[in-house]
Amino acid sequence: MDRPRFKRILLKLSGEVLMGQGQFGIDPETVARVAREIADVATHYELCLVVGGGNIFRGLAAAAKGFDRTSADYMGMLATVMNALAVQNALEQIGVDTRVQSAIPMSTVCEPFIRRRAERHLEKGRIVIFAAGTGNPYFTTDSAAALRAAEMGCDALFKGTSVDGVYNADPKKDPTAIRYETVTFNRVLADDLKVMDASAVALCRDNNIPIVVFNIREQGNLARVLAGSGTATTVQN
C-alpha cells in the first residue's frame, strides 16, 4: 500500500532504540545513525520528535518495585530530557538546526514547551524535540507524542521501534502471527493490540492522526516508510 505523503510529522522514538546492542543507556554510534536517518528526511518535512526514556529509567517498572509512582514518573521524564539532548547533539553535529522543548521547565538546558514558539521553529526549518513527556505523572511518552502531534497539527505520527509493524499476536512468541498493513484505531483498542497505550491511540483517533509503526533499527527504513515503500503498519480511522 502506498502511504500518502505528509507535510508535518511527529516521530516518536522509543528510548530502547538509542541503546543499540546494549542493555542500558545511550550508544553514541546508534544515536548518530538515527540522527543521520532523520537528517536525510528533514529537508522534505516539518519534523517534530518525542523521545522515550526507557533506556535509562522506566517509571512504571520502578513503581512496580516499590517506588512512589509519581516520583518514578518524574524520574522517567528527566530521562527523556537526557535522550533529547543526546539526539539534539547528534543532529547538530551533522548540521541540522534543532531545538529541545521540555514540558518541565529547565531553562539552563533547553526551552520550555511553548506551542507558538515550536510552530516558528518548524516554519524556519528546525527540528523540534519535545522532552519530559506531558509534564505530568501517569502519562506515557506515547501519550505525550499523541498530544504534541495534535497540538502541532501534525499530519501523522510515526512510531519508530524495534518491530516492523503491528501484529495480531506477539511475533516473538507466536510464529504464525500476522502483520497488519492497515488496521483501524477501534480494532487496536478492542483487541488490545500493542501499538501505544489506549489513551494515545484514542487521542489520535479522535483527532484523525494516523499512526505509522515501523522498525527504525533497519537502516534507511525511515526514508522508505515516509516514501510509502517501507514495511510498516498504518493505524487509521
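Heads up, residue numbers simply count up from 1 along the chain you see.
Heads up, the Cβ atoms here are built off N, Cα and C, so glycines get one too.
When secondary structure is read from DSSP and collapsed to three states, Ser14 (ATP binding site) falls in the coil class. The number of other CB atoms found within 10 A of the CB of Ser14 (ATP binding site), across every protein chain shown, is 20. Residues or ranges marked as ATP binding site by Swiss-Prot on the basis of sequence analysis: Lys12, Leu13, Ser14, Gly15, Gly54, Arg58, Thr161, Tyr167, Asp170.
Annotated UMP binding site per Swiss-Prot: Gly53, Asp73, Thr134, Gly135, Asn136, Pro137, Tyr138, Phe139, Thr140, Thr141, in sequence order, evidence recorded as sequence analysis. Under 8 Å, Cβ to Cβ, and six or more positions away along its own chain, Thr134 (UMP binding site) finds Ala103, Ser143, Ala144, Leu147.
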Which listed residue (Gly53, Gly54) has most other Cβ within 10 Å, given these are binding-site residues: Gly53
Sorted by sequence, non-Gly53, Asp73, Thr134, Gly135, Asn136, Pro137, Tyr138, Phe139, Thr140, Thr141 residues with Cβ within 8 Å of centre, UMP: Gly59, Gly76, Met77, Gly133, Ser143, Ala144
Nearest of the binding-site residues (Gly53, Asn136, Tyr138, Thr140) to Thr161 (ATP binding site) - Cα to Cα: Gly53
